[in-house]
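The repeat 'WD' annotation in TrEMBL covers 72-113, 114-156, 157-198, 199-240, 241-282, 283-324, 325-366, 367-399.
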Amino acid sequence: LELSSLILWIKPNESLCERNKLSDVIALVEEIQKREPLITVSFKEHVIHLVRRLQEKLGEKKDHKFYLFKVLRTHILPLTNVAFNKSGSRFITGSYDRTCKVWDTASGEELRTLEGHRNVVYAIAFNNPYGDKIATGSFDKTCKLWSTETGKCYHTFRGHSAEIVCLSFNLQSTLLATGSMDTTAKLWDIEKGEEIFTLSGHSAEIIALSFNTTGDRIITGSFDHRVAVWDVDTGRMLHTLMGHRGEISSAQFNWDCSLIVTGSMDKTCMLWNAITGTHIATLIGHSDEILDVCFDYAGQRIATASADGSARVYNAETRKCIAKLEGHGGEISKVCFNPKGNCILTASSDKTARLWDAATGHCLQILEGHTDEIFSCAFNYRGDIIITGSKDNTCRIWH
């Protein structure tokens, strides 16, 4: 059981939590037990602990101001991506210099350089929530699996015939998926270092892929305007999500695996039933390409980032736009919610990142200092550290 799972239960039962004011934690947990048969007696202590942690989280002040902690001149050549491990104690950077570097967040020190690729290291990820492994996908058509602690390369995955541009671990950390400009995705066994399936069916480059949380489905988004839903156990295509009229830029499952959100160069975002593959709604309002989409952790809200310089927040249930985030002076390439879901972070070509109130769309803070466009931004798991990556070849850590 994770805190995010508990939030999933508490969100629809907020009136109950409000009545209890989360003060009598034991009484609240007993109430949850009555309504939720999965929470047996053996889980009770753990749930009490989680509720207390949630109580602390909800009690944290909203007006946290972030200050620049460190500027890291990370690579000689341009950065491609940045990513945190789950706790935020480590982060990694990929670069055109053909390496991936591992950093200590608290000190800003470089811990090690992962060398071995023969071309740009473009896609990078930790196997969160564990964080003991790192995957790097390269323009050299290979993907490598590394030890976070030692920097040892466990496996080099070969088989793609063009650049690897996206990758993802399943949450169980048994599989790695890679997406390539060769129009295919591949599933790899992490332990054995072997290919399990090639997912063939797209007619153009795959530039987005994502596992659901249970690990039995994966989605791939392509320049062929389509998103495919695949069965992880068989490698079979289950659904093709058709409706977009432009290249797919982003695709994601919500936490409980019931919904899929897709963003496209056709200026729209679409919501789909993840089980049946049916189209639920088209979220409109942007006047230019949508470059990124995401769910909050509870799966109740969707944020979109667009080349029109704005971001939007939609209610996943009503499909209505509930906030417009306006103020950037250039396209927004990245958007994400903080773990609590009350704050949104955006990265823009105007050289700034901005923090927004997710409910009102009010700009809370502008993170300034980069001298070129910011293409990547992320919160750590606690939501109290931010990392931004820019074309100025620096990463900035904000506390």
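Cβ atoms here come from the backbone N, Cα and C positions, even for glycine.
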**Prompt:** Reported in the order helix, strand, coil, what are the DSSP residue counts of the repeat 'WD' (114-156)?
**Reply:** 0 helix, 22 strand, 21 coil
**Asked** Does the repeat 'WD' (367-399) come near the repeat 'WD' (199-240), with 3+ Cβ pairs under 8 Å (pairs 6 or more apart)?
**Response** no
